[in-house]
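Q: Pasting in a structure now, in structure tokens, and then I'll have a few things to ask.
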Amino acid sequence: MEDGPVNLREFQELAKRNLPKMYYDYFSGGAEDQFTLRENVEAFQRIMLRPRILVDVSKIDMSTTLLGYNMSSPILVAPTGSQQLAHPQGELATARAAAACNAIMVFKRRDVSATLLQRAERNGYKAIVVTVDTPRLGRREADEKNKMIIPRNSNLEGLISVDADLTGGSKLEAYASETLDPSLSWKDIEWLKSITKLPIILKGIITAEDARKAVDAGVSGIVVSNHGGRQLDYTPPTISVLEEVVKAVSGAVPVLLDGGVRRGTDVFKALALGAKAVMIGRPVVYGLAANGEHGVRSVIKMLQNELELTMALAGCPTLRDITRNHVMINHERPRSLL
């Protein structure tokens, strides 16, 4: 019997083997030159760890809290759409495998957003994640070549209608033109706050300027994200701007990191640079495509185990023990005099 994956890269290889090319390209691809897509992962490799020795690490505690809720680890499932392309049970399998973050986008038609918010409240959602970096759809060349077809979203049945027979380029464009709102602005965040009592988290912030505006707007949290390199190419990798955003909010709201996390060491690095938690998107989809609900559980557990080992080897028995002094970025490395 073939052994299972031993790291997240191997889950990606299984997903590539299991999925039709169109769907694999959709999940794995990025915008235009895919520079940001690659940098999200590679930037973590430019951060070194500075472990402490002779620390009692016989017990490792990865638990934390977010918005008043207890979590067993600082690893969350990122809002990821169209999961039924990866597995027939889609988001249901993912939700059963983990306490997934629940997300909506602000739709062009405000009545649609309001309806989805009401559904979220009725169904016990704990927070709303609003993706704010998609006024228009980024140009994803693989989807154009594949003439990617967006599946029907059962959550939107009866609310919007998208012509599934449009031809030419990616058929995602038709969906995007109907659902995304290029006029979205800060006043819409005020509107969202006025129609829900749920905490609102903004996902898609990568600058100190926008982070401060988010705090002023009264949001409950920020996700540092560039949409997995799928929107505007040549934006910086999220781990490289995390510290800038953390300093800008000065502890006013929790800051989460999304993008490029593939190892427990990546989670550790993000926490050391000030993240309250991290979100994983593509790895979850790859686990789903590889082995459904069990695959998602395996991906999450694998990252948790890697983080636990990293904490032990770095001399950090709790998340509170992880500090900025535990990491060193390229430009901070001492140069040899030899």
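Along the chain as shown, residues are numbered 1 onward.
For all residues, glycine too, the Cβ spot is worked out from N, Cα and C.
Automatic, uncurated: that is what TrEMBL annotation is.
Heads up, here are the entries from TrEMBL:
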DOMAIN    1-332  domain 'FMN hydroxy acid dehydrogenase'
BINDING   TYR26, ARG140, HIS227, ARG230  glyoxylate binding site
BINDING   PRO79, THR80, GLY81, THR131, LYS203, SER225, ASP258, GLY259, GLY260, VAL261, ARG262, GLY281, ARG282  FMN binding site
ACT_SITE  HIS227  active site, proton acceptor
Q: Taking each of TYR26, ARG140, HIS227, ARG230 in turn, which of these binding-site residues have a Cα lying within 10 angstroms of the Cα of LYS203 (FMN binding site)?
A: HIS227
Q: For the recorded glyoxylate site formed by TYR26, ARG140, HIS227, ARG230, which further same-chain residues have Cβ atoms within 8 Å of the site's Cβ center?
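A: What remains near the Cβ centre is GLY29, GLY30, ALA31, GLY138, ASP143, GLY228, GLY229, GLN231.
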Q: Between TYR26 (glyoxylate binding site) and ARG262 (FMN binding site), how many Å separate their Cα atoms?
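A: About 19 Å separates the two Cα atoms.
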Q: Around the C-beta of ARG140 (glyoxylate binding site), how many further C-beta atoms are within 10 angstroms, looking at every protein chain?
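A: ARG140 (glyoxylate binding site): 24 neighbouring Cβ atoms within 10 Å.
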Q: How big is the Cα-to-Cα gap, in Å, between ARG262 (FMN binding site) and HIS227 (glyoxylate binding site)?
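A: The Cα atom of ARG262 (FMN binding site) is 16 Å away from the Cα atom of HIS227 (glyoxylate binding site).
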Q: Pop the Cα-Cα gap between HIS227 (glyoxylate binding site) and PRO79 (FMN binding site) into the table, whole Å please.
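A: Rounded to a whole number, the Cα-Cα distance is 10 Å.
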Q: By a simple count of other Cβ atoms within 10 Å, which of HIS227, ARG262, ARG282, the binding-site residues in the record, is least packed?
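A: Result for the binding-site residues HIS227, ARG262, ARG282: minimum number of other Cβ atoms within 10 Å at ARG262.
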Q: Around ASP258 (FMN binding site), how many other CB atoms lie within 10 A of its CB?
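A: Cβ-Cβ neighbours of ASP258 (FMN binding site) within 10 Å number 27.
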Q: Would you mind reading off the Cα separation of ASP258 (FMN binding site) from ARG230 (glyoxylate binding site), to the nearest angstrom?
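A: Answer for this pair: 13 Å between alpha carbons.
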Q: So how many other Cβ atoms are close to TYR26 (glyoxylate binding site), meaning within 10 Å of its Cβ?
A: 24
Q: Between ARG140 (glyoxylate binding site) and GLY81 (FMN binding site), what C-alpha distance do you get in Å?
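A: Distance (Cα to Cα, whole Å): 16 Å.
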Q: Comparing the binding-site residues PRO79, GLY81, GLY260, which residue's C-beta has the most other C-beta atoms within 10 angstroms in this structure?
A: GLY260
Q: Could you state the whole-number distance in Å separating the C-alpha atoms of ARG230 (glyoxylate binding site) and GLY260 (FMN binding site)?
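A: That comes out at 12 Å between the alpha carbons.
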